[in-house]
Structure formats: structure tokens, C-alpha cells
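Have a look at the structure below, then the notes.
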Amino acid sequence: MEPESIEICPYNPHHRIPLSRFQYHLASCRKKNPKKAKKMASCKYNACHVVPIRKLAEHEATCVNRSSVEEEDTLGPLQVSLPQPQNQDTLQVRWLSNPDIWNVDGANCHPMFVLKSFVPQKLVCESDIQESRGGDQCPEDPQTRTRKANF
């Protein structure tokens, strides 16, 4: 088995921590050293890279975890353009009269119902709710020792 790499704590150089525990150690050591923590900053490419604030820009420019995607200008809003429909009438759903419907006033005046948005809601059976609460369970029949349904 290969030995795990050891990292040096930026808050206390006497602390030598295995890489697998380094993130947890940084959080606890930051709390224990609030004065030193105010002078330090985390790299935006790797939270385990904690450097002095004055050296942060230099570190981020040369950080090994920096990728080409992050080098693009991500500070501005994302520009998205949607194609404009050329003819609005072609997109609308038209109501076609049904020959089976007769003797109804204004049958051709109402457009077809189209659901434009759907907000899903959690659907739960009442029996599931009762079981999760632990109450109102089916009572037992004392003669047969079987449960009766509450219908």
C-alpha cells in the first residue's frame, strides 16, 4: 500500500496532516486561530489551498487546479438568445369544430385547453400518512385476532 501524502497546515506549520483529513483539519484549525485566519484566504479552485490574502491573486493565477473552463470570463451574465418565431399565428393551437358536438351555443368560440406549466406536488395516500404518524392503525378483531380494514 502506498503511503498517503502529508500536508502542512497553513495556520500552524508544526501540524502535518494526511491529505484525506486535511479539509477537516483546516476547518478546526481556522476556528482555533481566528487572528491568523483573518489574514488568510482560500483559493477559488481548491478550498484546501489556504494562502495569505496578499498572495491570493498570485496563487490563483498559477494554481494547479485551475482549468480552461474557469479561465473564461464567468463574471458577466450568461448571454442566451432564442430564435424569434416568424409567424405567431402558426404557433397557436386552433380550435377545430367537432361534428359530434351540436346544439351548443358558442361551441366554436372557446380555444382548446393547453396546460402551459405544471407544478408537481407530492402525492401521498392517506394510509401512508397514518402509518408514518403511528396512529389510527386498523383495529384488531378480538375473536379472530385479525385486522379489520377501515373502509
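Cβ coordinates are placed from backbone N, Cα and C, and glycine is handled just like the others.
Given the structure is predicted, the values throughout are model-derived calculations rather than measurements.
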Next item on the list: If Swiss-Prot is the reference, give me the range from 6-33, 90-117 marked as zinc finger.
Entry: 6-33
Check: Taking the Cβ of CYS29 (Zn(2+) 1 binding site) as reference, which residues of that chain separated by at least 6 in sequence fall under 8 Å from it?
Finding: CYS9, TYR11, ASN12, HIS15
Item checked: Number of Cβ atoms other than its own within 10 Å, given for HIS59 (Zn(2+) 2 binding site) -> 18
Notebook entry, point to check: About how far apart, in whole Å, are the alpha carbons (Cα) of CYS43 (Zn(2+) 2 binding site) and HIS25 (Zn(2+) 1 binding site)?
Noted result: 16
Next item on the list: Write down the Cα-Cα distance for HIS25 (Zn(2+) 1 binding site) and HIS59 (Zn(2+) 2 binding site), rounded and given in Å.
Entry: 21
Note to self: Six or more residues beyond either end and a Cβ under 8 Å away: which residues meet both conditions relative to the zinc finger (40-67)?
What the structure shows: 7, 10-11, 22-23, 26, 30
